[in-house]
Ligand code: NAP
């Protein structure tokens with residue numbers, strides 16, 4: 001048996017096309033959805049993530065108010081800029097690319113973003129609303145995982161979902177989304193304190209790996225036919241590449257593809273969904289501002 005590959009690039013393109021259509025409709029009513037991505041410094045991975053976001057903004061027809069600040073920017077200067085963007089009614093979404101330079105308090109910065117413009121879904125108001133089941137901007141990667149499952153036609157209701165990882169940006173929120181009535185999974189959340197993790201993962205109908213370590217999930221940990229969602233993005237040295245590295249996930253893809261029923265590749269699985277869902281949230285923010 002060979003697993004069906006869930007093509008995140010294709011699903012993300014579908015989501016962006018749906019968003020682009022709605023952006024055109026909003027533009028016809030005189031509103032151009034607008035996102036401000038703030039990048040501080042020159043971290044190469046962050047620069048490349050921001051470039052990807054800007055490319056997607058152009059593709060879906062949204063306005064781009066991104067700001068690239070020098071590494072030496074003070075916390076006060078950054079907070080001042082966020083205050084200006086909060087007050088600017090033509091800006092619907094604000095995203096601060098993480099990580100920030102060490103001299104800036106990330107929590108203080110994220111708290112400064114108006115929750116109604118927090119299209120990353122990281123502000124405690126949005127996190128709290130997600131927990132109690134109220135309307136919220138859903139964090140992009142976890143939301144992207146749910147949309148991938150939906151668009152791949154995977155039935156989730158009554159299934160046992162096992163999540164590896166409990167971070168605030170992936171593990172915890174994806175567990176909550178999987179457990180929501182709409183998705184209706186029974187969820188087990190694993191972490192480094194979990195004993196006999198392979199016994200738990202082998203019970204998973206849906207296994208989400210968000211550990212940030214290569215080879216976290218091997219063949220013996222997966223039930224035949226299970227759906228495997230690999231969130232991990234790990235750089236490993238590769239002298240055959242111009243960059244000197246390549247990206248791999250948390251799962252042993254080659255090993256798993258004969259056991260799993262469905263699997264997401266890395267790259268080209270969850271990654272493209274994150275940016276697509278950011279476009280989705282920015283559109284929602286513009287629609288909410290209009291209301
Ligand atoms: P993180 O903050 O480092 O959290 C990793 C979590 O995994 C922690 O809760 C940790 O447990 C757990 N963990 C680590 N090794 C484990 C193991 N061997 N067994 C069980 N649990 C283990 O990472 P993150 O921010 O959630 O990101 C996870 C991965 O997803 C990274 O590779 C990241 O690059 C990737 N990512 C991808 C996207 C995307 O768009 N594709 C977006 C975000 C993140 P403890 O809490 O016990 O330490």
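Each residue's number is its place along the chain shown, starting with 1.
Glycine residues also receive a Cβ, built from the backbone N, Cα and C atoms like all the rest.
Copied from TrEMBL, the annotated features are:
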type: DOMAIN; residues: 6-120; note: domain 'Tetrahydrofolate dehydrogenase/cyclohydrolase catalytic'
type: DOMAIN; residues: 139-289; note: domain 'Tetrahydrofolate dehydrogenase/cyclohydrolase NAD(P)-binding'
type: BINDING; residues: 165, 166, 167, 233; note: NADP(+) binding site
Quiz item: Which whole number is the mean pLDDT over the domain 'Tetrahydrofolate dehydrogenase/cyclohydrolase NAD(P)-binding' (139-289)?
Solution: 97
Exercise. For residue 233 (NADP(+) binding site), write down the residues of its own chain that are at least 6 apart in sequence and whose Cβ falls under 8 Å from its Cβ; none is a fine answer.
Key: 212, 247, 249, 266, 267, 271
Practice problem: May I ask which residues of the same chain, at least 6 positions away in sequence, place their Cβ under 8 angstroms from the Cβ of residue 167 (NADP(+) binding site)? | Solution: 210
Quiz item: Are there any residues in the same chain, six or more apart in sequence, whose C-beta is under 8 angstroms from the C-beta of residue 165 (NADP(+) binding site), and if so which?
Solution: 171, 190, 191, 208, 209, 210, 211, 212, 231
